[in-house]
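Scroll down for the structure; my scribbles are underneath it.
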Amino acid sequence: MSNKAVVFAYHDIGCAGIEALLNAGYEIAAVFTHADDPKENTFYGSVAQLCARKGIAVHAPEDANHPLWIERIAKLNPDYLFSFYYRNLLSEPLLATASKGAFNLHGSLLPRYRGRAPANWVLVKGETETGVTLHRMVKRADAGAIIAQERVAIERSDTALSLHHKLRDAAASLLRDTLPALAQGKITETAQDESKASYFGRRTAADGKIDWQRPAEELFNLVRAVTQPYPGAFCAVGEHKLIVWSAEVAKGNEGQAPGRVISVDPLRIACGQDSLVITSGQRNANGLFLGGPQLANELGLVDGSLLRGAESGRKPRRTRVLILGVNGFIGNHLSERLLRDDKYDVYGLDIGSDAIERLRSHPNFHFVEGDISIHSEWIEYHIKKCDVVLPLVAIATPIEYTRNPLRVFELDFEENLKLVRYCVKYNKRVIFPSTSEVYGMCQDKNFDEDTSNLIVGPINKQRWIYSVSKQLLDRVIWAYGAKGLNFTLFRPFNWMGPRLDRLDSARIGSSRAITQLILNLVEGTPIRLFDGGEQKRCFTDIADGIEALARIVDNENDCCNGQIINIGNPDNEASIRQLGEELLRQFEAHPLRGNFPPFAGFRDVESKAFYGAGYQDVEHRKPSIDNAKRLLNWEPTVEMSETIGNTLDFFLREAMLEIADRAKQEAR
C-alpha cells in the first residue's frame, strides 16, 4: 500500500510531525517550509535542518499555491498532504493533488480557537484546557472533519513556551497513535460543530500593551501568554517602556486607582479589579532582566506613583473613521451605526448632505461638503489624522457604465487610487468597497473571494468598465498589502433599503433596479423588464450589510486584515421579474396605495434599448459568505420581502412629499 506524502511544516511541531511520519512508515517525497525571518525570535526547531539530516528534499517557496508549484507537487503523485504548523493556507487545487486526502495538525481543540496563535490565545482567555487536533483540510481554514484529538491541561504556572512544549509532545503522541490507522484507512471522521466554532487572528507585539483598567487576572493571563520568547506585556513609565516577564495576582487594590503603585517591594500595581505583583521584567528593550523591586528602583517608582496612561476613569480615544462619500447609501447608514457605539469619531465628506441631516447634530460626527477631486488637501490631512479610511465615492449605476464610461474610470479608479496612495503614505488602514460586479460572468454556483475567476466581456461592451476599474484597484491594493498596507476589501451583493437612491435619479435612469421599478409604480408607467427580467440577484438588507461592515471596522483581533469579504444574502436569490412581482404585491397592499395611478403592467424590453449597445448582463450573482461567517461571525437575517417592504415604504413617503410640494406650488 502506497503512503507517499508531501509535507508542509514549520516550527518544532513541524519537526515532530515529520519524525512521526517517518516512524509510521510514510514515504516523504518533499517538504515545504518557510525561510526563517531574521527579525523573529526563532526559539523552535528547524524543519530545514531536520530534512537536511534525513536527506529529504526541502523547499521554501514564497507561494506554494502558485500553479507551477502545484504542477510540480502533482507530478510527485502524493497519496497524502500533511500540514504541521505551516503558516500559509493551502489552496483547493493544491489540496486536490493528494489522492487520499490532505490533513492538518492544529494547536487547539477544534472547533474552538481556529485561526492563528491558538496557544497564545487560550492563555489570554484564561482557559484551563486545550489540545491538538488532526483534521481533514478543506477550503476554509481549520474547518474540516476531525480525525483525532489529544487534550492538554493548562496549569496556572504555564506560559506560552511551556504550553508550546506540552502541545509538541501531545502532537507527537497523537500522530504516533493515529498515522498507522490513517494509512490503513481505519479512521473515523467527525464533522465539526459550527455552533461551537471560534476564530482568532494573528497577534502582534502591540497586543501586549497593558491596560491597568482591566482586572488583574486578565493582565496575569496576558503576561504569561506573551512572555519570553515572545515580546512581552508592556506599559509606559515616564519615557521608558516597562516590559513585564512574570507576575502574580494579589487580592484587592487598597482602594487605589488603576495604575497606581501600591508598593515597590513587592512591586504591586493596582488594577481595575485586584492588583498585579510584577515579579520580573526589564526597562526598555535593551535593559537587564530584573526582579520586581530592583526594576521599580531602575524606573524611579515609589509608593503612590501613577503609571502613564493609567489615570482613573480615563476613557480610551475614540477611533477616527474617515468616510468619503458619507452621504451615499452605504456611507450614511454606516455612520449612523458607528455613532451608536460611542467609540468612533466619524469624519465625512460628500457633495451633498440630504441623507445625513439626521446625523449632523451628533457631537462625534464631523461633516464637510466637498468634492474628492477638488478638496485634495482636506482629504490628505484627514487621512493623516484618522485611523480608518473608507473611500466610498463611486459611480455605481449601470446606465452610467455605458453612458459615461470615462467618467466612471476617472472617479472609480483614478480618484480612488489617489486616496489609496495617501493611506500607503501615512500607514493608514483602508477598507475598500470592491463590488460583486468584479466576478462578472463567472460560472461558479457561488462566487468565492479566493478562488472564483473574474470574467468580463469584450472591449466593445463598455458596461464592464466599472467592474474592471474596481478589480484593478483591488489588485493594486492587494499589491500594496504585500508592502505593508493594512486593508480589507468588501464586496456588497445588491444591498437594498431606505435612502438607496432618489426618485429623481430614477427619472433620469441613473438609479438601482428597485428604485426604477418603484418609480414606475408611483407614476403609473409600465414596469420594464430588460431581456425578460430573468436575471437573478441575491438581495441583501442594508441593516444586514451594515452590521457586517461595522464588524470589519471593529476588526476584532485583526481578523479582517488583508482579507476579501463578500457581504450578501445567498438565501434571498430572486429574478428581477420576481422582484417586480413582490413589489407590486406589497404596493397594492400599502396604506398609501390610493394616492397613486393604476398599475400599468409589465413590459419586456431589450436591454440595449435602455442601456445602449455597450451593455451586457449577467444571469446570476450568488455569493459564498464563508469568509464573512468565519471572520465576522456574521450571517444575514432579514428576508427579502421585509427588505422590499421597507424600501418601498421609504420611496412612497418620498413620493408623497413630492405630491405635497406640487400642491403647494399650484396653490400659489
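Placement of Cβ uses the backbone N, Cα and C atoms for every residue, glycine included.
Among the candidates Arg116, Arg151, Arg156, the residue that Swiss-Prot names alongside Val138, Lys139, Arg140, Ala141, Asp142 for the (6R)-10-formyltetrahydrofolate site is Arg116. Annotated NAD(+) binding in Swiss-Prot involves Asp371, Ile372 plus, out of the candidates Asp345, Asp350, Asp354, the residue Asp350. Within 8 Å of the centroid defined by the CB atoms of Asp350, Asp371, Ile372, the record's NAD(+) site, lie the Cβ atoms of Leu324, Gly325, Leu349, Ile351, Gly370, Ser373, Ile374, His375, Val393, excluding the listed residues themselves. Within the model, the region 'Formyltransferase ArnAFT' (1-307) shows a mean pLDDT value of 93, rounded to a whole number. Take the CB of Ala396 (UDP-alpha-D-glucuronate binding site) and look out to 10 A: across all protein chains shown you find 20 other CB atoms. Around the Cβ of Asp371 (NAD(+) binding site), the same chain contributes Ile351, each under 8 angstroms and 6 or more positions distant in sequence.
DSSP classifies Lys139 ((6R)-10-formyltetrahydrofolate binding site) as coil under the three-state reduction. Among Arg116, Val138, Lys139, Arg140, Ala141, Asp142, the residues given in the record as binding (6R)-10-formyltetrahydrofolate, the maximal Cα to Cα distance rounds to 17 Å. Between the C-alpha atoms of Glu534 (UDP-alpha-D-glucuronate binding site) and Arg140 ((6R)-10-formyltetrahydrofolate binding site), the distance comes to 32 Å.
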